[in-house]
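Student: Once you've had a glance at the structure underneath, I'll fire off some questions.
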């Protein structure tokens, strides 16, 4: 059976979005590592770097939403902003601060391995906040991912306890943020895409990050007279960070969140290969065995989620069909009743 041109075009477009997202995600991670690592660009100020990203992204998001009106803003009251967006912004600022800080202490490959714990954290916090129901099968799957990451950590050649702590905190804060988005925004019928997210959340992050920045990094930057902001390096880095958000917007909008999860797995393996071959990070066989186990756990989790989603969609269709059949039956009965009434009137 011949495949239509429209389908081929759609598939090519989907793969193009996936390739763009992988490339930009890959670029931002390696770029951040390059800037923050003491053996590379040697600019170990993760809060400052995150604040530069947030200032740049919120400015461009403002232009897209308010000036060029390319993206529709969400109707949001001040009360909703303070109660919902501000807590999410606080968690996002902590997640970005700690994840960028981890690049100073850990290799790119090992950070990707630790990030495999994200489904475990999201599920556990979801159960805690009663957004997910506890299932022993899912918990066993989460345990297998955790064991895999623990094996990968055991096999890490340049293990740094402080770096691991920072990355695990970043995962915990990011997972809490994702669950809170469901509770505080999605449950109220508010859906933010990556551009409107930046428009509302990035300025909030900037304010939160300014507090630790003033205490932790500002004194060091003030005393370091040799410091100057390289606009080429930081401008390109910030633009890549914004372009990544734009790519997420396109990828999820034109494909699905599951496609992004699968693309994320491909990106992680590419980063591990790049970290080992180009940056010359040490990747041990125990690392790979542990990450392989975690990877299988994450793949199974994504598969289970997809099956549950399909079952839910099928159930909705059955319900809609039943409702439609019920409505038609009611209309037929009404018609028959009217007919009987008319006949009795004629008699």
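Placed from the backbone N, Cα and C atoms, the Cβ positions cover glycine too.
Quick paste from TrEMBL:
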DOMAIN    16-302  domain 'Sugar phosphate transporter'
REGION    320-347  region 'Disordered'
TRANSMEM  12-31  transmembrane segment
TRANSMEM  43-68  transmembrane segment
TRANSMEM  80-98  transmembrane segment
TRANSMEM  104-126  transmembrane segment
TRANSMEM  138-155  transmembrane segment
TRANSMEM  161-185  transmembrane segment
TRANSMEM  197-216  transmembrane segment
TRANSMEM  231-251  transmembrane segment
Student: If you count Cβ pairs under 8 Å, which stretch among 12-31, 80-98, 161-185, 197-216 touches the transmembrane segment (104-126) the most?
Tutor: 161-185
Student: Give residue numbers and ranges for long-range contacts of the transmembrane segment (161-185): same chain, 6 or more residues beyond its ends, CB-CB under 8 A.
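Tutor: The answer is 83-85, 87-88, 91-92, 94-99, 101-102, 104-106, 111, 114-115, 117-118, 121-122, 124-126, 129, 131, 153, 191-192.
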Student: Looking only at the domain 'Sugar phosphate transporter' (16-302), what is the mean pLDDT?
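Tutor: That region's mean pLDDT is 90.
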Student: List the helix, strand and coil residue totals of the region 'Disordered' (320-347) as derived from DSSP.
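Tutor: Summed by class, the stretch gives 27 helix, 0 strand, 1 coil.
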Student: How about long-range neighbours of the transmembrane segment (43-68): same chain, 6 or more residues beyond its ends, C-beta under 8 Å?
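Tutor: Tertiary neighbours of the transmembrane segment (43-68) are 32, 35-37, 93, 96-97, 100-101, 103-104, 195-196, 198-199, 202-203, 205-206, 209-210, 212-213, 216-217, 220-221, 234-235, 237-239, 241-242, 245.
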Student: How about long-range neighbours of the transmembrane segment (197-216): same chain, 6 or more residues beyond its ends, C-beta under 8 Å?
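Tutor: Cβ under 8 Å, 6 or more out: 47-48, 50-51, 54-55, 57-58, 60-62, 64-65, 71, 73-74, 76, 81, 85-86, 88-90, 92-94, 96-97, 242, 245.
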Student: Give the nonlocal contacts of the transmembrane segment (231-251) in its own chain as ranges (CB under 8 Å, at least six residues past its ends).
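Tutor: Same-chain contacts beyond the ends: 17-18, 20-21, 24-25, 27-28, 31-32, 35, 41, 49, 52-53, 56-57, 60, 193-195, 197-198, 259-260, 263.
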